[in-house]
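Everything below concerns the one structure shown next.
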Amino acid sequence: MLQEKLTMNRDFLNLINESLLNKYHPAQSRLHEAINYSLSAGGKRIRPLLVLTTLDSLGGNAHDGLPFGIALEMIHTYSLIHDDLPAMDNDDYRRGKLTNHKRFDEATAILAGDALLTDAFQCILNTQLNAEIKLSLINLLSTASGSNGMVYGQMLDMQGEHKTLTLNELERIHIHKTGELIRAAIVSAGIIMNFNDAQIEQLNIIGKNVGLMFQIKDDILDVEGSFENIGKTVGSDLNNDKSTYVSLLGLEASKQLLNDKLTETYDALKTLQPINDNLKTLITYIVERNK
């Protein structure tokens, strides 16, 4: 039933993939080839889907959110390229394919990530949205991805290796490393639609919860998943001696926390009076997915 409902997002997904995969041309340069390699590696596109679906569910024009969604996916992809490098997570596979530095080389992978990060902001500048909204979106994206957002979360994650973290410390890592871009995806819809502060705050609550749920589910899949489904080595977090929700709480308690966060999220979403269930369905997919 859930998969049937998700077919509503197929048009959005096709639009996102078409926009992403037409940005860089592998024949143009080795750099473009490396960028396109990672962009075309078959990700779930959760972040841009959240942008478009939130707009759609709240009565906005989903197409207005496409440039911001593409920018988010570019920054997310750059972060994965860099995270996989030997100096950080030292992973050989991502999404079932060789990681960028394994397929090309470390220097090319670093430059591919650098280019994606830089080009992402150009996506927002090239939109037809008014200047005030563009500035707000650039502020949202830079805050979510920079030294107080995703990059900060990655630093905390590295510092937390080979340590037993408290639950609060673990949540702090994932609010920043995983959660900030997901929060930005959902909040961007409110900025584009000129929501008031109270409405934006509800989107912030939803976005924060969805970000945490995404990570809790990833930690569960690191135990229960398979290489075929998740596209990376099962148990890699345990092998790297990283604290996870499962290692701190246990599997069943992690699943209960996931369900509790989902209930909170549904309650916050109701206050915004969505015109359809598309966002609720996508959030449910994030919690119930097997990859």
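Glycine is treated like the rest: Cβ placed from N, Cα and C.
According to Swiss-Prot, the residue from R95, R103 that belongs to the isopentenyl diphosphate site alongside K44, R47, H76 is R95. For the binding-site residues D83, D89, R95, a Cα-Cα cutoff of 10 angstroms around T178 ((2E)-geranyl diphosphate binding site) retains nothing. Same-chain neighbours of the isopentenyl diphosphate site beyond K44, R47, H76, R95, judged by a C-beta within 8 angstroms of the site's C-beta center, are, in sequence order, G43, R45, I46, E73, T77, L80. Considering only the binding-site residues D83, D89, the Cβ with the fewest other Cβ atoms within 10 Å is that of D83. The number of other Cβ atoms within 10 Å of the Cβ belonging to R47 (isopentenyl diphosphate binding site), over all protein chains shown, comes to 25. Residues K44, R47, H76, R95 are listed as the isopentenyl diphosphate binders, and the farthest two of them sit 16 Å apart at their Cα atoms.
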